[in-house]
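To start, the structure itself, in structure tokens.
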Amino acid sequence: VSLKQLLWCPACVSSRVITGGRHAVWAEEGSGSERNCSAIPPYLPPTAVNTTLRIRDLRASMIPLNISAYIIPATDAHLSEYIAPRDARLAWMSGFTGSAGTAVITQNKAVLWTDSRYWIQAERQIDCNWELERDGEDITNWLILEIPEGGQVGFDPFLFSVGEQTELTKYFPTNKILSIHQIIMKKKISQNYTTQSHLMQEIFSEFFCKTQAKQLSLCFSIFSGLFNLRGNDIPFNPFFYSYTLLSMDEIWLFVHIERITEELKVYLNTSCYHSYCVQLLEYSSVRTYLQSYLQRPSVRVWVGTEYTNQALYELITPEDKLLTTTYSPVLTTKAVKDATEQRILKEAHIRDAVAVMQLLVWLEKKVPEGTETELTAAHFVDQCRSKQKNSRGPSFETISASGANAALAHYSPSNETARKLSVDEMYLVDSGGQYLDGTTDITRTVHWGKPTDFQKEAYTRVLMGNIEISRSVFPAGTRGVNMEMLGRRALWEVGLNYGHGTGHGLGNYFGVHEWPVGFQSNNIPFQEGMFTSIEPGYYKENDFGIRIEDIAVTVPATTKHGNNYLTFETVSLVPYDRKLINTSLLSPEQVHWLNKYYESIRSVVGPELERQALKEEYDWMMKHTAPFLSAGASAVISSVTLLVTILGWL
């Protein structure tokens, strides 16, 4: 089996257990959840994947190529966060299915790097062939120590961004880095339309001043913005595999042409003439065509280095043909939603709030009966969303986590791991939907019994972080990284923290994680019309997890003296768990914000619940959005509020 076949054809290699020697023992379902490689024989949970033969055959393929180390990232040729099963090289080779990670295999070591969100998950999924790197050692530094004299580092250039390749070449001479080009495989997709966009015109206005051509490698920038198309190549995401080369007078779309219907061809060439119409070329021909295009005189190619893969970037020579920015103008332009996009995305969140409320009402009734699990809860919220207008399924695999599983920030239940839901444990549900008019993402954490004082304090401090970011006022152009600590401050004050980011951008029937909006150092400054999640959390290992996530849009703020200031308007409209809020920790300003938010839920979601004749959910919503009197006041609901709730429905 060749190296290319090995990484593209899981069926080429058997996954049977190797017998003989000091082999591991796989446990029965219900046994311990994490591997123990120091035991004799090593202990592996039922969720671990046997990778012995896969690693052996990869190593055999590396020898004739003189590859001392091979790097396997968790992405695809478009550097996507969410990938199709056909691109899940890291998961197949290692067993680890987290969305962030990198593996390196040498002739005597197999090492997995991932961040703290996934450490416990990795210990549940990888076998004892693998080392899990927890101490934060940089991959490049590790390679420097491991690569022998005369050895080479192998990688697939389609899976590395320009920046990642540049970082690698800082420490290794060119003759020590060997690119292994991937085999392009085909997968049938379907395509449909959503609302119209003016993105093309905006791109050209910026584009005209800078360059003659622009190469885009980020497939979803293309169909969501430039062509306003959708596909289904990636689970939970309306993406299809494609590239675009865009110049001032020509547009080329590289796609699997056999999938393009006559209707789509008409759509792509409406209101255009001659070279201004979209020219369709085969997806696999992008490198060849780009090479020929570069032979034209006076050509410059504008590349966003953050999401352009090395396999295409390396073709653009000499250097005077190249113009680079960190992000493509497609990304930065569509990060700002116009008035129509803002309106319909808010409408999608109203219907989505109904579905989440249906879940929470159902769980309050069913969990005390002891019949529901993390998995049945995940299925139920998916069903609720599927009944809402314009629903196109979940926007990601639902994180439905109870007790110790909730301490895994990105855990998703399976038949092997799903816990039964209990009134004695905290429960975290992070879920979202794809709708024709928008994408949603929301997290709520609840407790159906009696939470401990520490659980209430931790929850309240997470909520305080959410509120502090949400109510902040800041100059337009402020970077999210400069506000991010507001989400952590209440936790830091008592020595608590969380190991993931505080927010990410969001699309209109697009990706649930839309770059480059958010609170990280490589995100762009906030402007009016950007949507971001706000999602602080806290996770106590092997005990419980808390995350409170809302989607918010940047809107103008009214200030006493200055202009051009922004604040956030929260568009996720589901109340928090009153039982977990210790109001004595909240400031008067935080209580005021919370009460105003609850007023919004009542005024915006209430009519939709009435329209759908969901009386039980309406009553639940009114009960859980009763105003808090003041900081330090009890979170219980007065009889007057309950009476108003009843009369409101009548």
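From the backbone N, Cα and C atoms, a Cβ is placed for every residue, glycine too.
Just so you know, TrEMBL annotations are computer predictions that nobody has curated.
Here is what TrEMBL says about this protein:
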DOMAIN    54-185  domain 'Creatinase N-terminal'
DOMAIN    344-553  domain 'Peptidase M24'
DOMAIN    564-628  domain 'Peptidase M24 C-terminal'
TRANSMEM  628-649  transmembrane segment
Inset, instruction - Report the DSSP secondary-structure composition of the domain 'Creatinase N-terminal' (54-185) as helix, strand and coil residue counts. - result: 55 helix, 27 strand, 50 coil
Inset, instruction - Tally the residues of the domain 'Peptidase M24 C-terminal' (564-628) by DSSP class, grouping H, G and I as helix, E and B as strand, and everything else as coil. - result: 40 helix, 6 strand, 19 coil
Legend entry - Mean of the pLDDT scores, which run from 0 to 100, over the domain 'Peptidase M24' (344-553): 97
